[in-house]
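Visitor: Take a look at the following structure, please.
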Amino acid sequence: MACGSGCCGPPQEQAVARDGTPPVASPPDELDCDEPGVVDTCCEGGGDDSKVVFETKGDDECKMTDHGRDKDSGNRATYQCCAASIDGSIDSAQAEDDCCAPEVNVDDFVNSPSKPINQSLPPESKVINGDLEQGLVGKEHVVLSISGMTCTGCETKLKRTLATMNAVRNLKTSLVLARAEFDLQIGAGSVDEVIRHLERTTEFKCEKITTQGAASIDILCPGDPRDFINQPWPNGVTDIRIIDKASVHVEFDAKVVGARVLVETGWGTPLTLAPLRADPSLEAGSKHIRNMGWITLLSTILTIPVLIMAWAPLPKREIAYGSASLALATIVQVAIAGPFYPKALKSLIFSRVIEMDLLIVLSTSAAYIFSVVSFGFLVSHKPVSTGEFFETSTLLVTLIMVGRYVSALARQKAVESISIRSLQISTALIVNSGGEDEEIDARLLQYGDIFKVVPDSRIPTDGTVISGCSEIDESMMTGESRRIEKSTGSSVIAGTMNGSGALTVRLTRLPGNNTISNIAGMVDEAKLSKPKIQDIADRVASYFVPVVVAITIITFSIWIAVGIAVRKQSGSEATIQAVTYAITVLIVSCPCAIGLAVPMVILIASGVAAEKGVVFKSADSIELAYKTSHVVFDKTGTLTTGNLRVAHEAYFTEDQETTRSVLLGLVGTIKHPVSVAIFTHLVAHVGAPTTVTDLKAITGKGVEAKLDGVTLRAGNSRWLGLSNEPRVQSVLSKSYTAFCFTVDNSLVAVFGLEDSIRTDALEIISNLQASGISVHILSGDDDGAVRTVASQLSIPDLNVRSRCTPGDKQEYIQNLLSQPLSNAGRVRAKNAKEPVVIFCGDGTNDAVALAQATIGVHMSEGTDVAKSAADVVLMHPSLAGILTIIAISKKAIHRIAFNFGWSFVYNLFAILLGAGAFVNARIPPEFAGLGELVSVLPVVAAAVLLRWTAI
């Protein structure tokens, strides 16, 4: 097999299901990679007996990467083996980005101003995944920016329109983000077809935006963009889309071609970057607000003369003023209110949605038509007693536009206020090929670049320090308030603020795929997800408009009857009077406040949490965390720092030097904290490790290999059957973690390791217990070590379990979830229908427990597979994040409750006032258009106030 297969081949996927079925990574085929070396691996499977086998050939790293997870359908953790050059100056993030690209020599692009590129024709399609031989169709993940959505009815229309398309799967939509995300089945439809159908059916404007992780730049075209696209594409370019008449959006494989190389020589002549565009999530909203602003201004200009002619004490020229008002009102009705008509009708016909636009159409049309009819009677010298009221229709339309404009502006500002992507700076200072400093656009950074970070400036992207020393403020990314010292070999994070020192950094991740993008992507996922409480709001909103229409008909009928039977009015007078009440009821009611009650709070809460170093991956976690009844912790690396040290060692062989050398070769490639501690201890005493074969890492147990036909095993005493061995018992009796080494099942060495408890652990656990939350420890460590930690943290013995396998942890959490809450379990137990369990862990063997718990919390220093199974990620390894999760959830739920309450109270009294239910108190129809503004602004304000609430 050639290099490029096996570990360098396509990813192998295995699901981590809700029932706890553990992930198992299949062993790669034998490699024929040329470069000798030792595998540096972090691959570990899950479950009791699962194993990961990897060859000790090639300068490769076997990695596990997260390809997403769906809490409802099962948790998906993808195992992917990647080829990457690893040395002391490159971290795992770079390894992941550089992996699986053997045809690329990144060094060729190191700060190179130009490089020839092979030309190739544009690809016809991109199949993301699929297997044609098995009849499986590939799929492409599509993200669309939607412009034109103004209310929750618009989102419902968008969702229903896309749901009718057979090629669309896994659909997510968001009004506040102005976005739709879905998987598109290749062969069943194209993105262009989806966009055309969507724009034709909904009247929205749609634009495909680059998905997270894809490298892309915007380029100014030297000529017509259509001609530019039809040219042969440079090698590495995967897609080109037209942005406007002067620029195109280019997506490319950054491992094949660098951004600078692409711009300077990709098309044979140097090109220019287009001006930096805003975040696509924000750009669509900004464009929509600008358009609404101009339309609102035009409507206002047209309405003011009508109001003057109606209300000002002018000379009596009724027909002249009426004719002018008719002309202006007609322009307003056609040009300003006109777009509501096709939207409302298409929603009704194609999506079967009765939305707010229909209420606007009915109310403004009624006001305008009756004004025209009244003016006709005036011209025929048979004026009705109420006269025409063009000021009602024009002012109604204008105030509706003002309300929508202000509401959209408030939503947009709320989104902008918590935009993590705003931390990405636009320039970088690189060291060019001549060794000189050169400031470039950060979009032109490419693999192999070395950049400088001057004092008191932000770091442009993730990297590894190769020289210099400074202190970095990472509070905006991790929530850590203290400055972190950085020196040679330290990793730095994009968007963080440098202190007084200067740093020289080797780039490891590109802008667009760095920590800023990853956090922003996870935050967007939380914003796009919908908690169960949103279903209630959606159901209420779906019935709202039909109910209002019914109330309007009832109001109209009652006021005609009252006018004729009680007030003795003529039929025309009673009808016109009834119409004014009907118009008011139609337009003053507003379902938008109900629809925004939940998503606006989720939007702000997830952004505030991210600023504090807590990243919610789903809205369900925000909804449920305040009900927490149990918090379950892993021990090593969670309650403790994970920085194990060897406190005791004993050898039972004469040749201790050989034993150390063999053991060093056995554990040298394993990233488990115990193996790392043993390696760190031995490497100072051993000249070189012994090369072993058939290396196998067994999750939760240890590692085994072969050496000249002899079986080598190293791991915990239970797996090796040595728990009752006197020499091992002496180590366990001192509350150490025991690590045993056997040769053909004979004990040759035993080590005792100890760890230190996190400084904030006792305080955090005390706060949880004071809140009535039960705290537990589940650990695979030996009993003495676990109970010593539990004792120091005042955790009851009843809630402590040691020597746990992944299956044991899953079973324990299942039992907690199945038990009814007792009075002793939690003070707030009466408010919860069922237990809510948070599990906090960091290791691969915690993945099943993270998936099983109601809310899985991952510590940032843990493994990728644990991160993929978690619902919340703590960007800073501090247990204070647990309190932050619960506090933000509690504040968010309070805001949601307020929003629901306000929406109910507003609509109840607004409809009653509009319908004339109160004597001598009503809402004039011309001012009913302010209803959306009055109802929505408090909802947005309640959500935004989360930013200034103490958490």
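Glycine too: its Cβ is placed from the backbone N, Cα and C atoms.
Annotation source TrEMBL lists region 'Disordered' at 1-35. If you look up TrEMBL, you'll see 140-207 marked as domain 'HMA'. Positions annotated as transmembrane segment by TrEMBL: 294-313, 319-341, 353-377, 540-566, 578-604, 900-921, 927-946.
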Visitor: Can you tell me which parts of the same chain pack against the transmembrane segment (294-313), counting only residues 6+ beyond its ends and a CB-CB cutoff under 8 A?
Guide: 321, 324-325, 328-329, 331-332, 335-336, 389-391, 394-395, 397-398, 401-402, 405
Visitor: Same-chain Cβ contacts of the transmembrane segment (900-921) under 8 Å, 6 or more residues past its ends?
Guide: 537, 544, 548, 551, 555, 559, 581, 584-585, 588-590, 593-594, 597, 928, 931, 934-935, 938-939, 942
Visitor: DSSP helix, strand and coil counts for the domain 'HMA' (140-207)?
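Guide: Residue counts in helix, strand and coil order: 24 helix, 25 strand, 19 coil.
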Visitor: Checking distant contacts: for the transmembrane segment (927-946), what same-chain residues at least six beyond its ends satisfy Cβ-Cβ under 8 A?
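Guide: Here the qualifying positions are 151, 356, 363, 395-404, 406-407, 410-411, 413-414, 417, 583-584, 586-590, 592-593, 596-597, 600-601, 603-605, 608, 888, 891-892, 895, 898-899, 902-903, 906-907, 910, 914.
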Visitor: Mind looking up the mean pLDDT for the domain 'HMA' (140-207) in the predicted model?
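Guide: Here the predicted model's pLDDT, averaged over the domain 'HMA' (140-207), is 86.
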